[in-house]
């Protein structure tokens, strides 16, 4: 964390505009402060902060207004589905799952799964902005459902109750140890499940709720979405262990069904947010279009980039607004 640059939005909120511009130039322009994308995001941050400062603080009652409430439910639902998809179950109890396959070293095979989860989350940071949030959400739930249906089918078709002949395996109630090939397939499917989560639902379940609310209610709405995540996490920690013992392979089917329901829910309610600013979320969600159709107009960032390329936005010194030396972007029409 000490190696990461400060957030340009946070720097701008502290009137450190020059430093914010430098951070943006390194993120988007390879150090060029006049890169169109750098200036576009810089201007967007300036406009967003100006709007936030003009708006008065709002209470939680603002969240129940119809235009906002549906987005609050969407953010909380995505966090709920990120738990009910079964990822944490696969991580918390992976050693028991590996034991049921007859794996030679359950700890080693489980460790590989944790490494995959960490390593494959990093590429998602890059491609989410390129390919969008909605495809990642839908592909993630679809793949996770498939992998869990297959795991459950293999466990149910080839497994049997644990005969408890080995004291080391007394913690599990179901085993496929008599079918080594099936055990390897289950391990592979577990890895594929984790890989699909790490590259899709893992990052988007946090980024999507953080960008669908207007600035004035964002902090409170995101806090509710986060609370939803941890409430469901807690419930799973309480109820999954007895389920894993009593219904064993059927538990895979339950979580596969949750993924199926999540896919349908998100397909119908979650529009694409890539490229839109917080201030444009009202247009995205109130357009009247179904979630699977993208709003057909340029985003604010695209419009700003176009103005910059045409020479209508330039860097000029500005200190009259704050009384301190700063740098910001101001419109300057060409004559």
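In case you wondered, yes, glycine gets a Cβ from its N, Cα and C as well.
If you check TrEMBL, you get these features:
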| type | residues | note |
| --- | --- | --- |
| DOMAIN | 1-274 | domain 'Major facilitator superfamily (MFS) profile' |
| TRANSMEM | 72-95 | transmembrane segment |
| TRANSMEM | 107-128 | transmembrane segment |
| TRANSMEM | 135-154 | transmembrane segment |
| TRANSMEM | 185-209 | transmembrane segment |
| TRANSMEM | 221-245 | transmembrane segment |
| TRANSMEM | 251-268 | transmembrane segment |
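Over the domain 'Major facilitator superfamily (MFS) profile' (1-274) the predicted model carries a mean pLDDT of 89. By number of Cβ pairs under 8 Å, the transmembrane segment (251-268) is matched best by 135-154 from the list 107-128, 135-154, 185-209, 221-245.
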